[in-house]
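Please read the structure below before turning to the comments.
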Amino acid sequence: MASRQAPLCGLAPCCLWLLGVVLLMNASARPANHSSARERAGNREENEILPPDHLNGVKLEMDGHLNKDFHQEVFLGKDMDDFEEDAEPRKSRRKLMVIFSKVDLNTDRRISAKEMQKWIMQKTAEHFQEAVAESRAHFRAVDPDGDGHVSWDEYKVKFLATKGHNEREVAEKIKNKWDLNIDEETQEVLENLKDRWYQADNPPPDLLLTESEFLSFLHPEHSRGMLQFMVKEIIRDLDQDGDKKLSLSEFISLPVGTVENQQGQDVDDSWVRDRKREFEELIDANHDGIVTMAELEDYMDPMNEFSALNEAKQMIAIADENQNHYLEPEEVLKYSEFFTGSKLVDYARSVHEEF
């Protein structure tokens, strides 16, 4: 698989090769994902070497759920942490209006779809740069001899060490091809990781990853081949009839069983509504009711300019109360929760304060 040196031209999410993720019940049972990216965390050692289950600026999570934070990630970029729920409202409103001014390239006090598209691409590029920097640091953690290559055995030793195994003992067992005595769940995760390792290994395969290949291993959105592999895994997980395509009913499948209370019913209703809108408005490009691998790949490619434009139009439509196809300061402030994750009160009055 060739590593992508330049951003893909063809967006922005997947699969069961994730670390630590339990297999889903079956393709028709997809529970809603209630946690946001801000709430996800693992132990530090695992975070240094394991592929993340959340990719900033990618529409789908690695388990096939919609990325709940996507709009904030591509609108706020590195400023996302500044808009926490307990932030001082006036300060947050001012920051939001500063961002508005940056997106508004022609300074006409309204944001067009083209302006939003350019902003989305800029913020996505920032996430790409962050991923490269993080991957470089993590590569050093798994390349103990500093030879610029990481073997599968070297990685396996580090991985098992994060699971509580003695690093020296594991290395000795692997060297002598002795039984590692690991539990079934850990073995399954290792097999999934090895499959992913093979996919990131540029031909001719040697099970040695360079720094750029290791980036593709951790962040499949940086590699065309890994992105395609990711798409195949998603379709495999969701495809119920085996046609290697996704129908609307397959994409919005709910967990098996009856909800126990109204809150659970509301969650299910929200799951169906959000995924139906995403399927019909953004993923199914030719609107034939079927999503192909090519359509899902375009949707998941973070640097696909056409998908970024569609996303920009959808983001504007959500807050465009006067339906003029532009975003105005009042609308951005009123729908601040959508753009920032925080609800900022007194939005109308603050427009005059901040401008």
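Note: Cβ is positioned from N, Cα and C throughout, glycine not excepted.
Checked against Swiss-Prot, the residues Asn26, Asn33 yield a single entry marked N-linked glycosylation site: Asn33. Together with Asp284, Asn286, Asp288, the Ca(2+) 4 site in Swiss-Prot holds one more listed residue from Glu295, Glu297, which is Glu295. A Cβ within 8 Å of the Cβ centre of Asp320, Asn322, Asn324, Tyr326, Glu331, the residues given for Ca(2+) 5, is found for these other residues of the same chain: Arg110, Ile316, Ala319, Glu321, Gln323, His325, Leu327, Glu328.
Take the mean position of the Cβ atoms of Asp239, Asp241, Asp243, Lys245, Glu250, the recorded Ca(2+) 3 site; other residues of that chain with a Cβ within 8 Å of it are Ile235, Leu238, Gln240, Gly242, Lys244, Leu246, Ser247. With DSSP states grouped into helix (H, G, I), strand (E, B) and coil, the domain 'EF-hand 4' (271-306) comes out at 23 helix, 2 strand, 11 coil.
Listed binding-site residues: Asp145, Asp239, Asp241; maximum Cβ neighbour count within 10 Å falls on Asp239.
Classification of Glu331 (Ca(2+) 5 binding site) by DSSP places it within a helix. A helical conformation is recorded for Glu154 (Ca(2+) 2 binding site) in the three-state DSSP classification. Neighbour list (Asp143 (Ca(2+) 2 binding site), Cβ cut-off 8 Å, at least 6 residues apart, same chain): His149, Val150, Glu154.
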